[in-house]
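Engineer: I'd like to ask some things about the structure below.
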Amino acid sequence: MLPPALNIPKWLEANSHLLQPPVNNYCVYHPSSPATAGYTVMIVGGPNARTDYHINTTPEFFYQYRGSMLLRTVDTSASPPVFQDIPIHEGSLFLLPANTPHCPVRFKDTVGVVMEQPRAEGAVDILRWYCKSCGEIVWEKRFVCTDLGTQVKEVVEEFGADQEKRTCKACGTVAETKYKEGELVQPPRFLE
């Protein structure tokens, strides 16, 4: 028998405490469940202020349920790479192409849904940090993703605990693990 549809407002009422930093997500449909056919569906809350960029070998689908978010992306096909911020407003959706470095910035009292396709066997995810001063890659970690919620947290904490990993080899700037208060401006709640 199939499970019932997930009612987002009721789920949030009972489970919003599960959306904890540094990742702030909860897998409502886990890829290990036979019913999901390998798909991952997460409810993600704000605020989060992580500075890492995730690179996934499959597209990612974003739906912004409450409030607005900022999806920071990097076009690595350009030389030099081009940094682009994409606002995703309440009620809007966005499909991020595979292999696009992205940093989802979520603000206070915002909630979104993210869906990821099944990854190929042995596919490698990457968490990467870029230098704010010169744009070079500061550090990255590659891993086979088996549990996004726990693995991302571990890599973020590993980076944060090691100043050598956080120091840009090109210019010496030490990368922050979080954006500073007021550094990023939340887009308007609705698209005007």
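Each Cβ is built from the backbone N, Cα and C atoms, and glycine gets one as well.
These figures come from a predicted structure and were not determined experimentally.
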Engineer: Looking at substrate binding as recorded in Swiss-Prot, which candidate out of GLU60, GLU158, GLU164, GLU176 goes with ARG106, GLU116?
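Structural biologist: Candidate in the recorded substrate site: GLU60.
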Engineer: Pop the Cα-Cα gap between ARG50 (O2 binding site) and CYS131 (divalent metal cation binding site) into the table, whole Å please.
Structural biologist: 14
Engineer: Listed binding-site residues are ARG50, GLU60, CYS168, CYS171; which of them have CA atoms within 10 A of the CA of ARG106 (substrate binding site)?
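Structural biologist: Cα within 10 Å of ARG106 (substrate binding site): ARG50.
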Engineer: What does the structure give for the C-alpha distance between GLU60 (Fe cation binding site) and GLU116 (substrate binding site)? Integer Å is fine.
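Structural biologist: Cα of GLU60 (Fe cation binding site) to Cα of GLU116 (substrate binding site) measures 5 Å after rounding.
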Engineer: With every protein chain in view, how many other Cβ atoms are within 10 Å of the Cβ of CYS134 (divalent metal cation binding site)?
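Structural biologist: Counting Cβ neighbours of CYS134 (divalent metal cation binding site) within 10 Å gives 13.
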Engineer: Enter the number of other CB atoms within 10 angstroms of the CB of GLU60 (Fe cation binding site).
Structural biologist: 21
